[in-house]
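Residues annotated as region 'Disordered' in TrEMBL: 1-38, 217-266. Residues annotated as domain 'DNA methylase N-4/N-6' in TrEMBL: 92-158. The feature compositional bias 'Basic and acidic residues' is assigned by TrEMBL to 217-226. Annotation source TrEMBL lists compositional bias 'Acidic residues' at 232-251.
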Amino acid sequence: MPDEDRHRQSRLFTDDDGGFDAERAREQSLPVEDGEVVDTDELADHQHYVEGRGIYDERNRVNDLTGKEWKFATKSVIAQGYPPAVQHELRSEHGGQKPPRLCAELIGRFSTAGDTVLDPFAGVGGTLLGASFCEHEGTGLREAIGFEQNDRWIDIYEEVLERENADRRERGEPPLAAQELRHGDCAELIDDLEADSVDLLLTDVPYWHMDELEQTRNERATRESKLGSFDTVDDTDLAGGDADDAADGDVTDSVASEPTDEAPTQTKAEWLAEMADKFDRFTDAVSPDGHVVVFIGDMYRDQSYEFLSADLARALESETSLTLAANLIWYDPSKDLHVYGYPFSFVPSMVHQNVLVFRVADAE
Ligand SMILES: C[S@@+](CC[C@H](N)C(=O)[O-])C[C@H]1O[C@@H](n2cnc3c(N)ncnc32)[C@H](O)[C@@H]1O
């Protein structure tokens, strides 16, 4: 198109003040991005314009996002609360549940439509519901497989899906697809999956439950310390890893309300070794192009910060073939604040969780 024609086209869509009128341009079915008409003639063969979303590059191996969407999806902080939704009351019996729409957001960043997503610690199915939301609120349905050892959580997932779909029917919305939640120990169930059959592993690991001996030792040290005021603070209140609960509309602390069938007493070293061993086996099922994405909250215990996310990242990097690509921070601005440590010592009010992102194989 000669230059003068291009200028003429832009002038056609000026508003009364002489500015570019994007709305009018869109009404004429012209692609508009960042306040300008996109010149689709200038796109390379591997690019095409997706209406309302921007330019998609067919070489994209990571997700279905356009360049504009990718820019936001690579932000290292997700600063968003997720108000109670998707039968939250039912799901909150779990105490460690993740908001399905946050899971959908992460699934959209690290997989493409039709991909397979695995959650080996599925709980009441935040990841599975997220994969189903991708059909209606993302770029397309993902097939999800979950493993869960507690059949109570499987029953709840099924009940949630049934009730949510009844509500959706009433609102005239299409149903959420049912995903596969398998009952059993993930260490055994993982053997049923073929190598490289999973594109994204998204999970929320069972928390480390401090060994009783270690805890007693720490409590004694706390009592003997000058900052004895901490004795009055419930240990559980100082635990992190509960940003999901408040964000998902639950103000209880997840560590306290986590089911007791999750390794009740363990040293941190034992917990890290167990996680490394399990992830080493999970990783065989993930394709070399895939990602492993792990929610993990840090904790504050006995006057010290337990940097569990860093510890877990190091353990997985050293004991498995995973390479850490990012630590995303999920910051929930709506989370309630409590007064910890005042006025003697700084104790963080945890309003974030870490989302560790690993690559299975090194990028070329
Ligand atoms: C932090 S919760 C996951 C919550 C989940 N993201 C959700 O939205 O409900 C971890 C889950 O892993 C399960 N779990 C722990 N060890 C397991 C194992 N060896 N095999 C299968 N599930 C296990 C626990 O029962 C718990 O429900």
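Quick reminder: no glycine exception, Cβ is built from N, Cα and C everywhere.
Each residue of the domain 'DNA methylase N-4/N-6' (92-158) gets a DSSP state, and the totals for helix, strand and coil are 31 helix, 10 strand, 26 coil.
Over the domain 'DNA methylase N-4/N-6' (92-158) the predicted model carries a mean pLDDT of 97.
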